[in-house]
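Pulled from TrEMBL:
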- 1056-1065: compositional bias 'Polar residues' (COMPBIAS)
- 603-716: domain 'AglB-like core' (DOMAIN)
- 901-1005: domain 'Archaeal glycosylation protein B peripheral' (DOMAIN)
- 790-810: region 'Disordered' (REGION)
- 1016-1065: region 'Disordered' (REGION)
- 32-49: transmembrane segment (TRANSMEM)
- 129-148: transmembrane segment (TRANSMEM)
- 155-172: transmembrane segment (TRANSMEM)
- 184-204: transmembrane segment (TRANSMEM)
- 247-263: transmembrane segment (TRANSMEM)
- 336-361: transmembrane segment (TRANSMEM)
- 407-426: transmembrane segment (TRANSMEM)
- 438-461: transmembrane segment (TRANSMEM)
- 467-488: transmembrane segment (TRANSMEM)
- 495-512: transmembrane segment (TRANSMEM)
- 518-541: transmembrane segment (TRANSMEM)
- 553-576: transmembrane segment (TRANSMEM)
Amino acid sequence: MSDEQRESTSALGSRHDSPAVVGLLRRHYPKAVLSVIFAVMLTIRLRAYDKFVRDGSVYFAGNDAWYHLRQVNYTVRNWPFTMPFDPWTGFPYGTLAGQFGTLYDQLVATAALIVGLGDPSSALVAKTLLVAPAVFGALTVIPTYLVGKRLGGRIGGLLGAVILMLLPGTFLRRGLVGFADHNVAEPLFMGLAVAATMVALTVADREKPIWELVSARDRDALRAPTTWAVVAGVAMALYLAVWPPGILLIGIFGIYLVFQSVSDVMQEKTPEHTLFVGAVSMAVTGLVMVLLIEEPGFGVTGFSLLQPLFAFGVAAGAVVLAALARQIEDRGLDDWAFPVAVFGLLAVALGLFAVVLPSVFDSITRNLLRTVGFSAGAETRTIGEAQPFLSQSTLQRLQMTAVNRIISEYGFTFFTGLAAAVWLTIKPHIRSGDTRKIGYVVGGLAVIGLLFLVPGIPAAIGGALGVAPSLVGLGIVSLLFLGAVLQAEYEPEHLFVLVWVAFITSAAFTQVRFNYYLAVGVAVMNAYFVGQFLGSTYLDFDSVSRFDDISAYQVLAVAAALMLILTPVLVVPLGVRSTGNAQFDQSSNAWETAGQANPGEATEWQGSLEWMSEQTPAEGRFGGASNEMEYYGTYEYTDDYEYPDGAYGVMSWWDYGHFITVMGDRIPNANPFQQGATTAANFLLAPNETQAQDVLAAQSTEGDQTRYVMVDWKMATPGSKFGAPTIWYDAENVSQNQFYEPIYRFDQEGQYQGNFLVRHQRYYDSMMTRLYLYHGSAHEPSPVVVDWEPQSVSSGSGERTVKAAPTGNETTVKTFDNMSAARQYVAEDGTAQIGGIGSYPSERVPALENYRLTKVSNSSATQSNAYLRQLYGDARMAGVQPQATLPSDPSWVKTFERVPGATVSGSGAPANANVTASVEMNVPTSNSTFTYTQRAQADENGEFTMTLPYATTGYDEYGPENGYTNVSVRAAGPYTISSGASLNESGYVVSQQANLSVEEGQVNGAEDGNVSVELERSAEQLEINSGSSDSGSESSGESDSGEQSSLASDGDVTAVSESTATRAA
């Protein structure tokens, strides 16, 4: 159906309508409808605005948005420049965050400057960034309409815009108020680049620029195709300026040029018109990207040499393809010579590339596979937004099937869009009437269907070739598509859209985040679907010229089609789960999804980070240094920044790096760029304090200056974020199962009922567990046993044996009167272990000597529904009360300081005795206490040493003003140093102990940390009362057996000091 016919069906007038009114409506009604759609999209996206502005503070969702706030603030202060280097993250190296400080941040900063009349407040800058995703998301309706209109006419384009407005999935969530990442700007600028490229290809196909016109410098003939090619090149560069890794779009365009030129030659057409667009547009893109280079080398994530060279390479490739086609035509060679030569040259070029620049080739290949090749590695899968869209773990977590997962994201529009893409691919073959081509289409669709219905086929091929089954399937589909291209003539813009949609679909299923691209692809393919539907012979809309000519059948048919596309999920919720919880099982529409937006865990970290900003020394001031770093300073690019004395790092998992930089004004060791992720994992999972120290010391020259560690409940919880560091950890050859593993519960019929994660000793020995659960204190095992039975189960990889909860009346968790009984049960049972649930270890956990708890958050982990679900779920599966798995202090975030500690030299202990130091600590934020305990062994002379991390006095002498920490957690009194009690031959309880006060300066390194203590001997006599009213004291001269009997009696036991007993005698 032509554009004129589509327009006639979209703005039909009755025979009595004024021609002027009809003409006005026909010309301008899309603008009015688009304005309404934009307004609705903006309203939906701003629905939760009040959740992000609280008591004058502005919050953001996710973590990247916080770093964009830093970048936008810098650009406001230094407009239009972005930050060249940032030492305020990635300690002790600093970083150049290429994906941040881009055109996205410049646009937001410019808007803030305009609204703030050149001098916006920090609150106004934050609010501008807060609403930016909503604006960018709503603006995406423009390129969606433009592309949809070219595929399906104005009505089709408008329907595509409506679909984009109603989609409740990733595209919406990335564009909600507060989610101020660059993600939502990417589909906007990619859509503009696609639309501009489609126009450029169509203009070139109409104007037919060829080499002779270029050599003759025929400006009139070349003006239109050159202008649009330049526009397309600039649009492509703008997209890359928003997201440097967007070179994928350049690659998509390059592959399209190969396909289009091969198709043209096989159909005996010249490919020069299309290749002209490719050469000009990519040359322009390359020139623009040269101006943006910020870093040397060929980095994918930043503005490097890669973007311009890749664009220039595609431009050069277009020239080579045009020259090759000319040569084959001039020499009268068979048409097949062209595809053979093209793919042969590509193979040689890739081979040379791999040999000459192997590291660059490997980087591009690796990033391509993890972006569109269904090959996200284990480390990539620890990133929530980079997990496969339909991974088994995701489907299990969401309790959905693969089809329902797609429906929850797109409703039925994915399937109608897929049908449209298939029709656009096979339409030239079907319309040709050639039985050979039709047979190819039928056979190709049958093969694709077989791959999906029998996944064992690609699995078997992949096993033989040593590649992933998904790559096998992708390769087969790609070859079938190439075969279709070789046999048919396609409109240039149609083939380009097909290649583009195929790649973004592959990207979306490889990494869930790329569904924000696919949303636009789904919308425009539905626009094509509607255009084809309205132009079909069954509806016969081409014969309609007035409203009065429209039949009831046509109205009902269109209404039924629109209801099928728009109603399920997009308007009316559908059941996408089968848990029995009606509210949970229902899908959400866009309005409901928007209402669920909130800042998330940033609000839980805020209190701790505000404390850190105010109660710890500024960067460059630690220990009394006077080298305070400028927060919004301009720093020159370097691979390893030289930090001044007094600067320090804050260790946590990389998820929280931007929180620490922006809310805490401190420098994290690891950040959401995954910089420092391996180091963080090696530290947090280190099995002892020495290894943790070695991890820090191995970082550059300032790595040992890491001063604080922040751990939240998610990091310390198996099944939450504890698992991510186990993937990055490379200090030892250990797997996740060595930290924890599931114990499955099955019912009497063998049906899976759930599982809980039993912790192994390696979990309890890890640094972040010792910090979060025990606050660095020693912890003894308890007579608690976790029991299981081996059970064979069937899985996708065949039969395997798992740990299963005991059946019948047996319980998974058993308690005993003492450790001897517990250990005896474990030894005899063979499938049980001491501890492994909650904070109960299997073995003794020694104390940490150089880490102390300084602050806990105002909020508790018990305020998290996710925490409570896991807590109660584990308790239910283990058959225990939830309190048994609850830590003594489940604060959301705990902040620890790494200190030299006070070195205690002691004497007066019995030879070779264990000496224990203990102190009660007050935690005012949670109104709780805990006891720090450490143990050392005396030598044969009764002398011992230990390093204590907690001070007991002198707190008020130190604070951020003199370069130290104003600790929140403080001692209730002095340490008690004791060698333990023993019963001597005379019936006295004898002990050696002393009280010890430790100054804050001795712990934090400001003063000499050496402390001496001498234990004093004390003895107390036992007085045993029988409990009767006339009983007296027992004699102190009874035998040992008599004493033991008396200790076990029901009478009251009273200790009397040795001096008193002597006087009484």
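Heads up, the Cβ atoms here are built off N, Cα and C, so glycines get one too.
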>> Between the transmembrane segment (32-49) and the transmembrane segment (467-488), are there three or more CB pairs that fall under 8 A, provided the residues in each pair are separated by 6 or more in sequence?
In response: no
> Could you count the residues of the domain 'AglB-like core' (603-716) that DSSP puts in helix, in strand and in coil?
Replying inline: 45 helix, 12 strand, 57 coil
>> On the 0 to 100 pLDDT scale, where does the domain 'Archaeal glycosylation protein B peripheral' (901-1005) sit on average?
In response: 93
> Cβ pairs under 8 Å with the transmembrane segment (129-148): which stretch of 32-49, 155-172, 184-204, 247-263, 407-426 has the most?
Replying inline: 184-204
> Which bits of the chain, at least 6 residues beyond where the transmembrane segment (184-204) starts or stops, bring a Cβ under 8 A of a Cβ in it?
Replying inline: 104, 107, 133, 136-137, 139-140, 142-144, 146-147, 150, 171, 174-175, 224-225, 228-229, 231-232, 234-236, 238-239, 242-243, 246, 249, 253, 273-274, 276-277, 281, 491-493, 496-497, 500, 516-517, 519-520
> Any residues 6+ beyond the ends of the transmembrane segment (407-426) with a Cβ under 8 Å from its own?
Replying inline: 163, 166-170, 400, 441, 445, 481, 484, 494, 497-498, 501-502, 515, 519, 521-523, 525-526, 528-529, 532, 564-570, 574, 576, 587-588
> For the transmembrane segment (155-172) against the transmembrane segment (553-576), do we get 3 or more Cβ-Cβ pairs below 8 Å once near-sequence pairs (under 6 apart) are dropped?
Replying inline: yes
> Which sequence positions outside the transmembrane segment (32-49), separated from its termini by at least 6 residues, show Cβ-Cβ distances below 8 Å to it?
Replying inline: 130-131, 133-135, 137-139, 141-142, 145, 158, 161-162, 164-165, 172, 175-178, 590-591, 594-598
> Counting each residue once, how many in the domain 'Archaeal glycosylation protein B peripheral' (901-1005) are helix, strand and coil under DSSP?
Replying inline: 11 helix, 53 strand, 41 coil
